[in-house]
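> Checked TrEMBL, it gives:
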- B:12-31: transmembrane segment (TRANSMEM)
- B:43-64: transmembrane segment (TRANSMEM)
- B:84-105: transmembrane segment (TRANSMEM)
- B:111-132: transmembrane segment (TRANSMEM)
- B:144-166: transmembrane segment (TRANSMEM)
- B:186-209: transmembrane segment (TRANSMEM)
- B:221-244: transmembrane segment (TRANSMEM)
- B:273-292: transmembrane segment (TRANSMEM)
- B:304-324: transmembrane segment (TRANSMEM)
- B:336-358: transmembrane segment (TRANSMEM)
Amino acid sequence: MCRRILVLLSSLMILATQTSCWSSKEIEDLALYAGLALDTAELSPTEQKLEEQGSTYTKRNRITATVQVVPANSVGGIESTDGSVSPYMNVTGTGDSVLEIFRQYSILRERPIIGHHLKVIVVSSELLKQQSMNQLMDFVLRDNDIRPSTMVFISHGRAEETMISKQKGVIPAFHIRDMMRNQKRTSKVLAPVILSKLDSFMYSKRSYALQNLVTANGEVEFSGAGVIKGNTGHWVGALSQEDTECLSWLTNRGQSGVIKTYDWSNEPITYEVKSLKSKITAKVDGDHLSFDVKLTTEGRLSETWNEEEYPAATHLPQKAEKLFNKRLEQMMQSLFHKLQSDYKADAIGFSSMLKIQEPALWRKLEDHWDEVFSRTPIHLEVDLKITDFGSFTL
Amino acid sequence: MFIRTDDKITAAQTAVFLNNTLLGAGILTLPRSVSQTVKTPDAWISVLLGGVIVMLAVLVMVKISQQFPGQTVFQYAGRLTGRFIGGALSLLLILYFITIAGFEIRTLAEVTLFFLLEGTPIWAVILPFLWLSTYLVSGGINSIARVYTIVFPISIMILLISFLLSLRIFDIEHLRPVLGNGVAPVFAGLKSTVLIFTGCEVTMTLVAFMQDPKQAVKAILGGLAVLMGIYLLTVVIVIGGISIGSASTSTWPTIDLMRSFEVPGFFFERMEFPFMVIWLMQMFCNFSSFFFQASLGLSQIFKLKVHPIIYALVPLLFISAMVPKSLSDLFALGDAIGRMGVVLFLLVPVLLSIVWLIRAKGLKQHV
């Protein structure tokens, strides 16, 4: 009997130790951050005043990091409907180590910040002229809380401005993430570059393009892209919206978008892409390397302002096809010109085609690829077909 | 189901036992180690080739074990080479098993502390597993095999679901070109792909426990084939998902793959947590296997009862787990274990087979 009670008691005691978790932290006591913006160093007014009073530590002011802290209940998708209080809070710090700046927030706010729910990182192009991407991303890639699924963007102006929204009840970091869905409607939105992809770009030292964010009047717009040169990790230039669209098409990451041109009576005429395939082939002839790019697209003539000739009229499709063909070629050539002559950076990824198709040659050119790319001729062939005219045939 | 008490396991249980002994921490680090050595997307070919080589090696182990039905390597090594040499070889093997056991449980603790329980002291993670394992091992091979047959399907299912969901970031371009730099990188990769099969020495004791030792070749090679399939799938999915560059810079590439996507609206939005929790069970199984082997060996060499040895091994295993001071020490230990495995393969099964061939076929002795 005594033995049985002893067994019962000890098993109850063991049970009591099993139900808790040593490292548990209440989610309400944590400050989750959903967005991170990195800028060139610029002390915020609060920081300036604090520093005037001697509140500082050993650092060089090289970056300003802004984190967007959101309340715990908005992470699961239920956003705060109460419009009177802002649903997010931006905290800013300046220094020369991202982690140190983060830890510095702990002497400013009551809750520790935690990176499990970081969705968006925005880096200003100004900062990327001074620091390389590898330096800036080192901490976020090493950290155990921040997920490699975090998307990375570039901002035209100050990155911290993309973390501000005029609309009530909107959390800018989530807003930017959700705008990625529009990739289905327009190829001007590049396929998202997540941290693990960025890591592999940086590892292979290839150049790449990141979606650019432009802010005006408290609104954020996806506009064009920023090109980062592989061997330096610095920002070298911007791509326009049309260039970005072409980039999506060339890399087979976009199946949508419109091509607009002006017809024989100088009226706008618009083609809607239904499908688009690009095929890049490396051609080697002795020591001479060139690329053949073949674009095949089918689509719909969706809009014409020309009142005299109706789309289905006998010769119009052929005439229109020629116009669109020419326009698409122009757009592509403009992108090639920018990347080859202005930026000397292969952001399209011709290198990966060469790597796959001509591995032996690639090994020879690998070290100075961007240089070689800027001199390599690209032959473009466009095959555009109008398949229908929408529901308006006459 | 009736409960067996005769310390025998079926062919299917043998295959599962082998899988649960070998399939553990390797899956978390394999894509990195193989990417680092191969450096081209041909890593998966290395895994296939490594698997075939290990299969041949294991075949030798099965064949020699089949000559001594019902006896483990610790027993027949002595019969073949004499008590002194046989004992020394067995002790080496036991030392090796204790090292792997420590390595497995330390890896388990490191992963848990980094991703799941930041701030929990390491002993608090290791000790419960150690105690639980002691309980399991003291039940003998039948209890262990039964636990494994429960754990194995669950962990494989979670692994496959995670991989299936990760297909959203899979890009076949990451796996091309095939053999772009010739076959040299593939052979370079063998160094790391053979190592993930370390611990396959347990075959030499497993065969002794088989109800029908004639089926040993089928069961063991079948088990290894499943294992190789899982490793192959892992390397293809991880490299296809996050590319060779990212895989070779990441400490835990398989977990980083799971962290690279989110599945909104699915039961779990993030697959790394269910995956890791399930995988802890798998690593626990690994650990228990080597714990069992070590205790079995010691009891058979010194002809002692097995239970006191199991309890005596607990502190030893804890020390073995705590020896590496840092994560890089741990990975260095992993490599050292792999090299030890190769040396032991040459010392134990190959040497024993040669001695057996000379004595049984050459000198016509009855051994």
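Placed from the backbone N, Cα and C atoms, the Cβ positions cover glycine too.
Caution: TrEMBL annotation is automatic and unverified by curators.
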> What residues in the same chain, six or more past the boundaries of the transmembrane segment (B:84-105), come closer than 8 Å to it by Cβ-Cβ distance?
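Residues packing against the transmembrane segment (B:84-105) from afar: 24-25, 73-74, 77-78, 126, 129-130, 198-199, 201, 283, 286-287, 290-291, 293-294, 297-298, 300-301, 313, 316-317, 319-324, 330, 333-334, 337, 340-341, 344, 347-348, 351-352.
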> Near the transmembrane segment (B:336-358), which same-chain residues lie under 8 Å Cβ to Cβ, leaving out any that are not at least 6 residues past its ends?
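Long-range Cβ neighbours of the transmembrane segment (B:336-358): 57, 60-61, 63-64, 67, 73, 76-77, 80-81, 89, 92-93, 96, 99-100, 103, 192, 194-195, 198-201, 204, 367.
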> Would the transmembrane segment (B:304-324) count as touching the transmembrane segment (B:221-244), if touching means at least three Cβ pairs under 8 Å and pairs must be 6 or more apart in sequence?
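Per Cβ check, the transmembrane segment (B:304-324) does not touch the transmembrane segment (B:221-244).
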> The transmembrane segment (B:111-132) vs the transmembrane segment (B:186-209): three or more C-beta pairs under 8 Å (separation of 6 or more)?
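Per Cβ check, the transmembrane segment (B:111-132) does not touch the transmembrane segment (B:186-209).
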> Taking B:12-31, B:186-209, B:221-244, B:273-292 as candidates, which has the most Cβ pairs under 8 Å with the transmembrane segment (B:144-166)?
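Stretch with the highest Cβ contact count: B:273-292.
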> Name the range, of those listed as B:12-31, B:186-209, B:273-292, that has the largest tally of Cβ pairs under 8 Å with the transmembrane segment (B:221-244).
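Checked against B:12-31, B:186-209, B:273-292; highest Cβ contact count belongs to B:12-31.
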> If we skip the immediate neighbours and take only residues 6+ beyond the ends of the transmembrane segment (B:186-209), which ones have a Cβ under 8 Å from one of its Cβ atoms?
7-9, 14, 17-18, 21-22, 26, 30, 33-34, 36-39, 42-43, 45-47, 49-51, 53-54, 57-58, 61-62, 64-66, 68-75, 93, 96-97, 100, 141, 179, 216, 220, 224, 227, 231, 286, 289-290, 293, 296-297, 334-335, 337-338, 340-342, 344-345, 348-349
